């Protein structure tokens, strides 16, 4: 009985959340052609600047945030319009399938398939095949990183020019990194919600959330194996001044691991990709926010990319919190640091 109630309660919670975040339909944009299409059966919205342009434009494939559970083309309409207008690029916003109805790897598959379709038909959109960029925020940053890793080894497609990861979530091994404790109660993403979303995406439910938060879902030998990449030791000291809780060791629970072992797949947790893959990644832009549980995921990935010789532009919003970019011009209000973050992305794009 409780399960059923929990399920319906959860469903209504998610349905309500989607309703609240759905975004308003906007009118025409005098500077952009906007059309809804399907790339390989995946719904996309494409933004093309109307102004004349010498040569071929940059192409940006955008994956929205929302914990793999929320978000739509409409939610990110203003952000995508802004990126297209300000960087004079063609932007493709991807409507991937959402959890919990569609579990991993549905969202990843949709993003990968839409990207491949775009790259194979690039001449239709006036885009330079040497200037295609994947971009995403939060869960979208996770998807952009995963797609980027998958395409790194493909010789049959143009190489991605860059990846732009805006406060990405990149691992589900350790929900006790310093930023998880420092910002555990900071909106828009609480520590519990981060685990909740990862589990919704993986399994379509959030059972075992407590064990995952405590860290009893990963075998000790695996923890040891990944420690070289996922560890507070790899986070610069200045990010630990707000206090770090030493982690109580928790007992490993094998049956929990059985339900979440795919957390060790790089397509789900890109921070766990082997060096041979990371080494091939394109030039990268990573944006982190100080008041964000996912801050350290971004810092750890930045270090991995740099250790593997990948060029990284890092932009840190000292006064930023998770989700600040998606609040750009949201219902008429905007945070100055969100605008700064968005402009840092535009400046990076213009430099390519």
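The chain as shown is numbered from 1 upward.
Note that Cβ sites are derived from N, Cα and C of the backbone, with glycine treated the same way.
All annotation found in TrEMBL is predicted automatically rather than curated by experts.
Model, not experiment: these values are computed from the prediction.
On the 0 to 100 pLDDT scale, the model's mean across the domain 'Alpha/beta hydrolase fold-3' (60-206) is 97. Annotated domain 'Alpha/beta hydrolase fold-3' per TrEMBL: 60-206 (among others), in sequence order.
Counting only same-chain residues six or more apart in sequence, the Cβ atoms lying under 8 angstroms from the Cβ of residue 138 (active site) belong to 65, 66, 67, 166, 167, 168, 169, 189, 294, 322, 323, 326. Here TrEMBL flags 138 (among others) as active site.
Taken from TrEMBL, the feature domain 'Alpha/beta hydrolase fold-3' applies to 248-325 (among others). Shown for the domain 'Alpha/beta hydrolase fold-3' (248-325): DSSP residue counts in helix, strand and coil, namely 32 helix, 19 strand, 27 coil.
Here the Cβ of residue 292 (active site) has 27 other Cβ atoms within 10 Å, regardless of which shown protein chain they belong to. Residues annotated as active site in TrEMBL: 292 (among others).
What TrEMBL lists as active site is 322 (among others).
There are 27 other CB atoms within 10 A of the CB of residue 322 (active site), with all protein chains counted. Break the domain 'Alpha/beta hydrolase fold-3' (60-206) down by DSSP state and the numbers are 62 helix, 25 strand, 60 coil.
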